[in-house]
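Notes follow once the structure below has been shown.
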Amino acid sequence: MTRFIFITGGVVSSLGKGLASAALGALLQARGYKVRLRKLDPYLNVDPGTMSPTQHGEVFVTDDGAETDLDLGHYERFTGVSARRSDNVTTGRIYSDVIARERRGDYLGKTVQVIPHVTDAIKEFATADLTDEDFVLCEIGGTVGDIESLPFLEAIRQLRNEMGAERSLIIHLTLLPYIPSAGELKTKPTQHSVKELLGLGIQPDLLMCRSDRPIPEAERNKISLFCNVRREAVIPALDVDTIYQVPVSYHAQGLDVQVCRHFHLPMNEDLDLTRWQTIVDRVRHPEGEVTIAVVGKYTSLIDSYKSLAEALVHGGIANAVKVKLVWLDSEIFEREDAVHYLEGVNGILVPGGFGERGSEGKIEAARFARERSVPYFGICFGMQMAVIEFARHVAGLPGASSSEFGVPEVPLVGLMTEWVRGNERVARGSGDDLGGTMRLGAYECHLRALSKVREIYGAEVIHERHRHRYEVNVTFKDQLEEKGLAFSGMSPDGVLPEIVELPDHPWFIGVQFHPELKSKPFDPHPLFTSFVQAAITQSRLV
């Protein structure tokens with residue numbers, strides 16, 4: 001029997017519902033249960049693929065090619081369960097589905113309404129595509145009281161009535177602000193948030209109260225009294241110094257125990273969270289430190305590179321060092337000399353991105369790394385800019401550029417018009433829609449024997465996740481290799497360059513895919529582990 005846990009939020013946004021869901025999933029896994037986590041987003045975009053990273057944060061891509069919310073990255077990193085397209089839905093996707101059904105005549109002439117048609121579609125999503133999971137955790141995006149969230153909250157109210165308390169649990173995450181002038185935590189915002197939820201017909205079973213300090217018993221009792229929940233079900237969600245402390249902290253506060261008691265499940269009181277504590281200890285007590293510059297164009301919001309930042313943390317954990325990140329806007333290097341900003345770093349990483357803005361700055365960062373023998377890691381757009389830099393300054397192609405920026409003299413990077421997905425050929429054109437038309441999801445890549453990446457992966461064939469519509473032009477492969485740039489990873493048909501490297505450089509690798517999406521604290525991605533190791537070596541040479 002699959003049990004459902006719905007996680008809502010109140011008072012303010014960005015309280016950490018995604019991390020709370022991921023941490024609870026990890027705790028239930030530690031108790032031997034199989035879990036799946038889902039995110040219901042109340043915005044009208046069909047998916048976040050066309051949303052600005054500086055508004056929404058990164059787009060997390062799944063193996064099956066879905067562009068999803070960054071919280072699915074937390075779910076994967078904490079539980080190790082690969083997310084699927086069916087694990088993220090938006091209001092836009094729900095409405096598109098309902099309207100398509102209406103056009104087909106599926107509703108047989110009925111007046112299509114939010115209730116029951118939209119809410120039924122939401123319920124179908126929440127309960128579909130399941131196998132033998134013990135728990136499904138559904139996070140409801142947004143904040144209680146937002147007009148956009150109402151159909152989703154109504155849907156979970158109906159699901160609760162249909163399933164009963166035996167199969168469903170509702171958790172409400174809220175905020176207890178501290179008022180310095182009063183010298184106390186205030187419970188009134190939480191009371192009003194729960195009142196708003198009750199007005200929608202939903203009684204939460206557990207309250208998770210975010211706070212930057214311990215919550216006195218008097219406040220917990222007060223919340224219990226006015227919000228109509230048991231005192232034991234008022235769970236402190238205290239701030240921690242690393243997100244990997246969250247499962248340990250929530251277990252200490254009894255979150256997983258209360259969930260199991262709600263469902264009348266047997267419990268092993270000696271829950272082993274040793275591996276989580278080991279990760280926390282390594283983060284808190286590193287044996288050294290390296291500095292890595294991330295040269296990007298969306299650095300005004302670090303969540304634009306959430307998986308990237310976490311993957312570098314994982315690489316640091318694997319090497320027992322702290323990775324200090326220096327976030328640099330690539331446009332700076334189009335106005336100023338890169339030396340001033342980069343001469344003190346131990347590694348340079350240029351992540352993915354879109355458009356011409358800041359591209360020349362990324363090219364300058366790649367040039368600095370190549371000429372100064374500083375470890376360089378180019379991801380997606382960062383690989384393309386590294387290849388353009390090499391072509392201009394080493395291979396004698398000063399007009400090399402990308403067709404993404406116009407009509408270049410030397411079209412070194414161009415729009416992919418077709419590629420193979422499984423056994424099918426996919427075709428695209430320059431006039432196609434932007435949403436959902438990129439090369440998305442996991443693809444196979446063959447690694448060249450005796451290459452650095454072959455040594456790093458320890459495998460001949462790998463599968464990595466992609467999100468791009470431009471690719472290095474394979475017709476220039478021989479010309480660039482003659483000058484020393486190795487194309488060490490290719491698509492199975494040999495048409496799409498996936499990895500380049502400089503064999504004579506200490507560590508210079510560019511990849512067309514996004515390895516950060518598959519890195520986990522207990523299974524760091526080998527490229528990030530190796531990159532941080534190279535940064536350690538470089539730090540000893542300075």
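From the backbone N, Cα and C atoms, a Cβ is placed for every residue, glycine too.
Fair warning: this is a prediction, and the values are worked out from it, not measured in the lab.
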Problem - Given Swiss-Prot lists ASP146, ILE147, GLU148, LYS186, THR187, LYS188, PRO189, THR190, GLN191, LYS222 for CTP, the same-site residue among SER13, SER14, SER359 - result: SER13
Problem - Further binder of L-glutamine named by Swiss-Prot next to GLY353, PHE381, GLY382, MET383, GLN384, GLU404, taken from the candidates ARG282, ARG284, ARG469 - result: ARG469
Exercise for the section: Look at the ATP binding annotation in Swiss-Prot, where SER14, LEU15, GLY16, LYS17, GLY18, LEU19 are given, and name the residue from ASP64, ASP69, ASP71, ASP87 listed for that site too. Expected result: ASP71
Exercise for the section: Please tell me which one of the recorded positions listed here (THR187, PRO189, LYS222, GLU516) sits closest to ASP71 (ATP binding site), measuring Cα to Cα? Expected result: GLU516
Handout entry: Confidence summary for the region 'Amidoligase domain' (1-265), mean pLDDT rounded
Key = 95
Problem - When distances run from the Cα of GLU139 (Mg(2+) binding site) to each of the binding-site residues SER14, LYS222, GLY382, the nearest one - result: SER14
Problem - Long-range Cβ environment of SER13 (UTP binding site), under 8 Å and at least 6 residues apart - result: GLY142, THR143
Practice task
Would you kindly give the Cα-Cα distance separating GLU516 (active site) and GLY353 (L-glutamine binding site), rounded to the nearest Å?
Solution key: 14
